[in-house]
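Listed features, source TrEMBL:
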- C:12-35: transmembrane segment (TRANSMEM)
- C:74-263: domain 'ABC transmembrane type-1' (DOMAIN)
- C:76-101: transmembrane segment (TRANSMEM)
- C:113-134: transmembrane segment (TRANSMEM)
- C:195-220: transmembrane segment (TRANSMEM)
- C:240-262: transmembrane segment (TRANSMEM)
- C:306-557: domain 'ABC transporter' (DOMAIN)
Amino acid sequence: MTFAIRKLAYSTFAAAALFVLPATADPAGTFRFAEQAKLITMDPHNHSGGGFSYLRPVYESLFDRNPDGDIVPVLADSYQVDGRTVTITLKPGITFSDGTDLTADLAARNLNRVIELGVNAGVKLAEKAEATGPDQITLTLKSPDPSIIDALSGTAGMMVSAAALDDPALDRNPVGTGPYVYSPEESREGELRVYTPAPGYRDPEAQGLARIEISEIPDNTARLNALKTGQVDLAIFLSSPQAAIVDRTPGLKLLRQPGGTTYHLSVLDREGTQVPAFADPRVRMAMNYAIDREAFSKAVEFGLSTPATQPYAEGLWAYDPALEGRYAYDLDKAKALMQEAGYAEGFEFTMPSIPIFASRLEAVAGFLKEINVTMNIQTVEPGTLARRSRTTDFPATNLVWNNAIDPKFVTTYYVAEDAVFNPFRIKPDPKLTELSEAGLAIADEAGRAPIYREMLGRLAEESYMIFITTTPILFGASDAVATNETVQFRPGTDTPYFAGIRLGN
Amino acid sequence: MLRLIGQRLLAMVPLLLIVSVLTFSFTALLPSDPVDLIIGDRGSEEQYQMIRERLGLNEPFVTRYVTWLGQAVQGDLGTSFFNSVRVTDAVMLRMPATLSLTFASVLISVVVGLGAGVAAALRPRSWIDRLATVGATIGQAVPNFWFGLILASVFAVSLRWFPATGYVRLAEDPAGWLRSITLPALALGLSTSAAIARQVRSAMVGVLQQDYIRAARAQGLPARRVIFRHALKNALVPVVTVLSFQITVLLGGALIVEQVFAINGIGSLAVAAVRQQDIPMIQGIVLVLVLVVMAVQLATDVLYGLINPKARPA
Amino acid sequence: MKLSHVRPSTLAVVIPSVAVLATLLICALFAEWLAPYDPLQQNLMDMLQGPSAEHWLGTDDLGRDVLSRMIHGSRIAVIAAAEATGLAVLIGVPVGLFIGYRGGWWDWVTMRLVEAIVSIPGIMVAIVIIAILGTGLHRAMFALGILYSTAFLRLARSVVLTEREEVYVRSARVIGASPSRILVRHIFLNIAPPLIVQVTLTVGAVLLAEAGLSFIGIGVQPPQASWGTMLNTAAAYMELNAFLAVPPGLAIVATVLSVNLLGDVLRDSIGRGIRLPEATPVHVPASAPARSRSSEPMTPRADDALLVDGLTVTVSPKGGQPVPVVTDMSFRIGRGETLGLVGESGSGKTVTGLALMGLIGAGGRIAGGRVLLDGTDLLSLPASGLEAARGSDIAMVFQDPTTSLNPAFTVGSQIAEVLRVKQGLSRRAARDRTVELIDRVGIPRPAERADAYPHELSGGMAQRIAIARALSCGPKLLIADEPTTALDVTVQQEILDLFRDLQDDFGMAMLFVTHDLAVAADICDRIAVMYCGEIVETASVDRLFSHPRHPYTSGLLSAMPHGASGTPPLPVIPGTVPPPGSWPPGCRFASRCAHADAACAAPVPLTTAEVPGQQVRCVHAAALTLEAAQ
């Protein structure tokens with residue numbers, strides 16, 4: 001199967017995204033951004049999520065998404081997908097901030113490193129990359145993957161200079177092709193990351209800032225205060241009382257970006273090895289009915305989120321309007337189902353938690369208590385929840401689903417027998433497997449949508465994924481930043497485009 | 001005096017060695033394999049062995065300890081398990097905030113404690129004495145972080161006199177530093193103020209009954225001079241003892257109070273290191289904290305010798 | 001401790017503390033019955049509410065009833081305190097007992113380990129232990145138990161070290177009891193009192209530490225309601241509902257405060273034995289101080305250095321009526337003259353000396369009389385005038401030179417300070433004069449000694465320094481309060497010689513207070529004998545020794561050691577000195593006097609006897625034949 005060649009000729013997607021630029025080209029002003037995640041590593045290929053902002057000023061990917069959500073080439077010039085073969089032509093004349101050139105060999109080396117490290121789930125289906133021409137690389141896949149270009153628009157597609165790849169301290173000394181360079185001298189570990197314009201960057205227009213400062217402020221109140229006192233101009237927020245306060249503070253705006261994360265429970269032990277009740281779909285449905293999502297999003301998430309019964313929010317292509325309200329709060333129905341399943345007296349199970357999920361789980365425990373289900377909460381170390389969810393330590397777990405990722409991952413994460421979060425290795429309903437495979441075989445979203453809607457519908461009936469709420473990506477911004485049209489956000493992620501931002505008039 | 005310092009420094013060596021053995025060996029007790037934590041479950045056996053090799057985990061315990069100690073003596077506390085950050089750098093970067101907070105609260109404790117203690121001792125059983133005594137008793141029962149929350153809610157959130165969170169570095173903005181450190185230091189210093197006030201009061205009451213105070217008065221020295229020169233210098237002796245003992249309490253308290261005011265000090269570094277089980281980081285933090293405690297205790301010993309001639313070595 | 005021995009102020013502490021702790025315990029035991037709601041029962045529509053009729057303390061972030069969570073939280077507090085303290089005792093005491101008894105390497109190694117642990121901030125130790133064990137109530141309390149066991153270990157060890165040297169342990173060992181039985185039977189009994197005190201201290205510390213650990217999220221885990229986790233929640237919702245922080249905070253404060261206060265009371269009562277009464281119970285008849293003046297007023301004379309006329313001093317015991325301690329005190333000292341003030345301890349002679357200086361302590365008051373120093377009434381001077389006179393015009397040397405010199409300053413600086421403050425000398429001039437004075441009082445190498453601290457000098461040397469200081473400004477009157485009593489016999493004579501020598505040189509008058517008639521006889525020109533706060537007889541030394549006119553003087557003379565023979569004094573005066581407040585209105589010596597009769601029941605004035613200059617306070621003075629000194 002051959003896809004049409006899409007020759008995209010933007011000089012940079014960022015320039016395309018921008019509106020009329022002021023004529024002044026000299027970088028000016030400091031843009032101060034607050035991250036809620038701590039910086040773990042600045043090595044994009046070892047990056048496992050949270051805190052992408054730290055990478056963005058320095059690194060560029062082969063592709064990126066523009067503010068409209070379309071994939072556009074950045075370091076790539078064009079690409080061609082032919083079954084298991086992806087051919088990517090590089091844009092000529094790209095240089096790293098250390099002065100070296102981005103060659104096809106180096107690009108292949110970067111991609112192979114991503115594949116070997118295996119941190120990035122988006123390239124799970126990639127096999128190897130090789131340089132097949134002066135400006136051309138070929139990526140071979142294990143099986144066709146309609147979302148491979150999407151994956152290469154994230155950290156997997158970020159290009160690191162050859163010297164930096166050899167540096168054991170790459171995690172703190174990033175060298176990329178981006179408009180800004182990281183300044184370790186001015187940065188303070190655990191507090192502040194400073195970036196300055198990269199000399200010789202190919203598009204000086206995109207370097208509107210003299211300095212970017214990204215503060216690490218994991219504490220919600222501290223981040224709010226930093227925003228209030230003008231120590232930062234823009235800050236990421238999760239749904240929290242502090243985000244609600246931003247919303248009502250004069251001089252500040254809470255910006256809701258499309259996409260977001262869907263919080264959900266997942267019953268892992270659905271054959272009842274540890275908790276027999278979980279084997280009965282009626283019990284799982286009862287749990288689904290017992291949760292008052294309206295109250296949950298109003299109280300626990302301060303009205304910043306919306307009730308969800310599926311992994312995608314309205315407006316995204318995989319969203320299914322038919323599933324809306326599938327599990328509307330109905331305590332009587334829930335109790336009846338429990339009765340029917342023979343668990344009117346309830347049962348008990350243990351749920352892993354991390355601090356940021358604590359209040360959500362406390363609320364869920366309160367709802368389940370109404371149908372006599374006792375949910376014990378056991379806190380695990382932050383950063384280990386996903387890992388523990390891959391083991392049989394717990395009969396159920398709770399996670400967030402990023403709306404920006406392809407629905408194929410529903411299968412690879414939860415459904416397939418060897419899915420990441422299927423530690424009990426339960427064989428899925430054959431129909432689900434069949435639908436998953438069908439979804440991979442088609443390239444365009446319009447064709448894939450009905451397949452995935454059917455799959456999600458069947459999943460809802462099995463009710464082992466209990467979706468609760470979808471929270472949009474939230475930013476707190478000063479009025480000046482909120483009205484600054486050069487400040488744009490990358491759809492589905494929690495990072496602004498640093499390239500192109502200008503301050504002042 | 002130099003001899004005293006020398007003696008004390010010498011006595012620290014075995015204690016430091018024991019602390020280093022303790023911190024080094026407790027990490028062997030950690031339930032999880034650090035390599036598992038680093039690579040998660042995506043790593044192959046080869047990667048696993050490679051990381052073990054890189055971290056030196058395949059060496060015997062004693063070899064690892066000696067290597068670590070040899071580097072620690074030269075000021076190199078190793079590298080974090082999770083990134084290329086050097087432990088010495090991370091600790092030194094965070095230390096100023098924690099030390100600022102600790103020493104500001106020492107200062108507050110001494111000023112408040114001395115003031116209240118002396119005022120109470122001068123008029124035993126007066127209202128001021130009762131107020132100070134009741135205040136000191138309550139002060140020792142108040143959790144420092146709760147007091148911090150209350151201070152933040154009143155003076156930062158409502159009155160907006162001070163920032164509610166954050167730490168401004170002294171070199172960057174001295175006035176901002178003072179403002180950022182005031183509320184946390186007050187919160188942290190409360191119980192130590194109370195301890196010092198109690199100690200000063202009882203010491204002063206005792207000292208004021210001494211013959212030498214009466215003798216000084218009999219020489220016609222002004223009452224103020226007698227109290228603040230003759231009596232206080234003697235009453236300071238137990239205060240210094242309290243301080244040397246309170247320094248570990250204050251440093252420990254700082255770790256918690258930092259969290260209330262979202263100060264990036266040793267506290268958040270320690271909690272993060274413990275959560276990640278970042279062994280070199282935990283070891284480094286403990287060792288540096290003990291060094292700080294010892295330095296302070298050395299300083300209080302010297303101070304003790306200065307105000308109490310009897311304690312000096314002959 | 002019997003309740004009747006407890007002071008009301010102690011009860012005022014004990015009763016509320018016990019009430020708080022009892023409430024806590026009841027809440028912990030009967031939380032299910034007392035709490036109006038299930039502590040986990042949420043109502044998301046009613047979250048973050050303030051106090052109301054339905055929810056007395058409002059609701060939290062999930063609409064749960066705060067009061068119910070507080071009540072259930074008290075159970076956690078009790079469990080936390082009991083677990084951690086219990087574990088600390090169970091680990092610390094046996095190990096401490098063992099190493100204390102065994103000694104040697106066991107002791108050395110364990111104690112070095114304990115020192116190492118104690119040098120790490122406690123919270124850090126707890127954090128590290130939690131890193132190993134994991135979070136949660138029981139594991140966190142296990143961590144705290146280990147941490148606080150060091151205190152019990154040291155306590156148990158020190159008790160063993162003290163007790164095992166006790167004779168009975170040794171004897172038990174000889175009889176052949178096993179070491180463990182010795183430990184259990186003998187040592188454990190002695191450890192109980194300090195152990196109880198340490199337990200209260202630990203309980204308070206544990207409650208604070210548990211709250212702290214739960215607050216930073218590594219102690220008790222939600223949804224379990226502990227006061228610490230409630231504060232953790234409150235911190236996140238501070239800007240939306242600050243009240244959330246109030247109930248758990250106050251509960252912690254009240255509980256820790258109660259435990260600490262009870263600990264203080266326990267420490268006072270069992271740590272230092274049964275509480276002693278604050279002061280000797282004195283029941284003063286209201287009429288007692290009435291007789292303040294019975295003798296004729298004295299008239300000043302030109303050659304008086306000091307004239308004391310009708311001086312009365314009272315002391316108010318705590319909460320009681322003022323009690324006279326010195327009454328009707330009248331005497332004079334001529335220029336260059338030395339008057340000895342002689343009496344038993346408690347007779348009021350030291351108080352008299354201090355009263356002249358205006359230095360009687362808190363509760364004391366000069367109730368009447370005049371003190372004319374060179375014609376100026378010191379008692380009528382304002383405080384500043386009196387302060388100016390002290391040191392310059394009137395100075396004092398105290399009994400114990402080792403305590404009357406400030407241990408924290410060099411002796412030279414203490415003399416120089418007086419010179420600089422009183423005479424405005426420069427630093428250098430004061431120093432020179434100081435060295436001169438030290439030389440003058442007979443101390444070799446004065447410049448070197450000026451830099452010595454009091455504890456580096458012998459008693460005699462220190463007293464010479466004190467004398468030098470007293471004389472530094474050339475006072476007109478020197479009060480010497482038993483200046484030789486605390487010194488070795490051999491040194492006493494040297495100091496007396498020094499006084500005599502200095503008096504010749506400086507020409508000051510001296511009031512020499514002593515209980516020793518022999519010393520007084522050595523140095524004084526005249527002697528005033530005091531008994532029960534009043535002078536009973538005054539005379540020149542010769543006259544007093546040869547013709548005592550008061551039975552008490554006679555008794556004192558009989559009790560003197562006989563010359564150089566060293567024969568011990570004979571207790572010839574029967575009975576004891578009545579304490580202030582229980583003095584009879586008449587002759588105070590009457591109850592011990594062989595000559596007492598009905599006439600002695602009326603107040604007795606000090607009257608001039610047959611020889612001028614001899615005065616006596618006895619109605620029978622003229623009639624009695626009394627024994628003189630031999």
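Placed from the backbone N, Cα and C atoms, the Cβ positions cover glycine too.
Because the structure is a prediction, the values reported are computed rather than measured.
Here the domain 'ABC transporter' (C:306-557) has a mean pLDDT of 88 out of 100. Here the transmembrane segment (C:195-220) lies next to the transmembrane segment (C:76-101) in space: the count of CB pairs under 8 Å, restricted to residues six or more apart, reaches at least 3.
Note: the stretches the transmembrane segment (C:76-101) and the transmembrane segment (C:12-35) are in contact (3+ CB pairs below 8 A, sequence gap of 6 or more). Cβ atoms under 8 Å from those of the transmembrane segment (C:240-262) belong to residues 13-14, 16-18, 20-21, 24, 48-51, 57-58, 60-61, 66-67, 70, 73-74, 77, 200-201, 203-204, 207-208, 211, 227-228, 230-231, 233-234 of the same chain, restricted to positions at least 6 beyond its ends. Sequence-distant neighbours of the transmembrane segment (C:12-35) (same chain, 6+ residues past either end, Cβ-Cβ under 8 Å): 6, 65, 67-68, 71-72, 74-75, 77-79, 254-255, 257-259, 261-262, 264-265.
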